[in-house]
Ligand SMILES: Nc1ncnc2c1ncn2[C@@H]1O[C@H](COP(=O)(O)OP(=O)(O)O)[C@@H](O)[C@H]1O
Ligand SMILES: O=P(O)(O)OC[C@H](O)CO
């Protein structure tokens, strides 16, 4: 039977998805399952790695069954994942020693302050391309070693393994044979040297993390191993692509040329600009990160990471219960001309790029007795566009490149109000592709390239636009609105710091 499908595992922050692509890179089936979010204390966010493994396998089997496709017809699996989220497990039992600590979790902020006090900021930026923030995996591993009874001793004996979700899934899929990650995921750990392309011994020493816990770092497109025979009814499917979800989206949008930018609107918003084969250091609060390793070389990106975007819409739905579904936000926001002077700063997990304030917290400003839920909903949607503007301004300053248009993808780009306001706030066209599942598509491309289903050149021609949003707001109004946003952001900063008056 011809092997003509690629199965993408998209292990996101809120759900596991399995997406089946045919050899024309068209989606033939999708299965998705949300999993539990744990908030044990304010500012902490955890996932159950066993639940994620079960959900991911569940959706993979479901999509094959519903489409009537045999596992033996799948040429390869590509894996893409929420990055930084940290799981540590026992290599003998396969059981995690603690819930996974999610990228949004702020518990290690004091440890990051300590790294700064020890004068490590510059070294961190140079060696890892990152900043001393609780976002990244390194301090989360350290927290587990310090807080789970017996973990440090076991880790030192070589009994514990660390992984981001890609590593965890591949380890389970291969029944413990492969403990690997790819360069794009490694570059988000705070432990990987993006210049020498090795684990950074100084960072390991500074954080007290035994090297024996770490996975082997590999390119983003190659056969890492095959699935255990019992996983898919006897078929041994090659696992042939791994990339962090934001880098995968950059690949899926075919941003292969230097200067090409995409923005993914999911739980958070992540803007990445391809900067080619040399790392570009940032002076404006962006991250320097590895885009992918492919064809014997590594390419880099500048990244603006916004922690809360679509998650703010979920908050309106789940916590405030202002809307019944994320889609409803478009309906309510569309009933008013604008946010009526209301600004919503969703600094629920501090602020990422370009502010990097672990102690900022969310706030709504400009409320009056005339403020309605439509205004609050509108202000929440506006915050996705304002935060993106913050990052684009930084990116233009760092790269010297002026943005001509923005390619978008991710769940929240279905929202036309957000897309129009984004074009207005940037003053450039916003291009929405037909396939907005760029993340899964990128992982499929990487896996398909590794098994010879297509070449990188063929990938360039596959993307098609569904709609372009053109700016309609005049420049004076745009800048006035944006100034209000900056004022609101300033007032949320440092909120959680104990010593702040
Ligand atoms: N029509 C919509 N309007 C606004 N936000 C939306 C809409 N549809 C989905 N979202 C938001 O997008 C996010 C889901 O996008 P997705 O790309 O699946 O995210 P992730 O990969 O981070 O789990 C959710 O946070 C949801 O609130
Ligand atoms: O799950 P997503 O798509 O919101 O992505 C999360 C990021 O990878 C975190 O860095």
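Any Cβ shown, glycine's included, is placed from N, Cα and C.
TrEMBL entries are annotated by machine, without manual review.
Annotated sn-glycerol 3-phosphate binding site per TrEMBL: 13, 83, 84, 135, 245, in sequence order. A coil conformation is recorded for residue 83 (sn-glycerol 3-phosphate binding site) in the three-state DSSP classification, outside any helix or strand.
According to DSSP, residue 415 (ADP binding site) is assigned to coil rather than to any helix or strand. Among the features that TrEMBL reports, ADP binding site is placed at 13, 17, 267, 310, 411, 415.
As annotated by TrEMBL, ATP binding site applies to 13, 14, 15, 267, 310, 314, 411. Reduced to three states, the DSSP call for residue 14 (ATP binding site) is coil. With a 10 A radius on its CB, residue 14 (ATP binding site) counts 17 other CB atoms from all the protein chains.
Positions annotated as glycerol binding site by TrEMBL: 83, 84, 135, 245, 246. Taking the Cβ of residue 135 (sn-glycerol 3-phosphate binding site) as reference, residues of its chain lying under 8 Å away and at least six apart in sequence are, in sequence order, 84, 103, 104, 305, 307, 352.
What TrEMBL lists as domain 'Carbohydrate kinase FGGY N-terminal' is 5-252.
Looking just at the domain 'Carbohydrate kinase FGGY C-terminal' (262-450), the mean pLDDT is 94. Per TrEMBL, the feature domain 'Carbohydrate kinase FGGY C-terminal' maps to 262-450.
Counted within 10 Å of its Cβ, the other Cβ atoms near residue 13 (sn-glycerol 3-phosphate binding site) come to 22, all protein chains included. Here the candidates are the binding-site residues 13, 245, 246, 267, 415. The one whose C-alpha lies nearest to that of residue 314 (ATP binding site) is 267. Proximity to ligand 1 at the level of Cβ atoms, with a cut-off under 6 angstroms, picks out none of the binding-site residues 83, 84, 135, 246. Taking the binding-site residues 310, 411 in turn, the residue surrounded by the fewest other Cβ atoms inside 10 Å of its Cβ turns out to be 411.
In three-state terms derived from DSSP, residue 246 (glycerol binding site) belongs to a helical segment.
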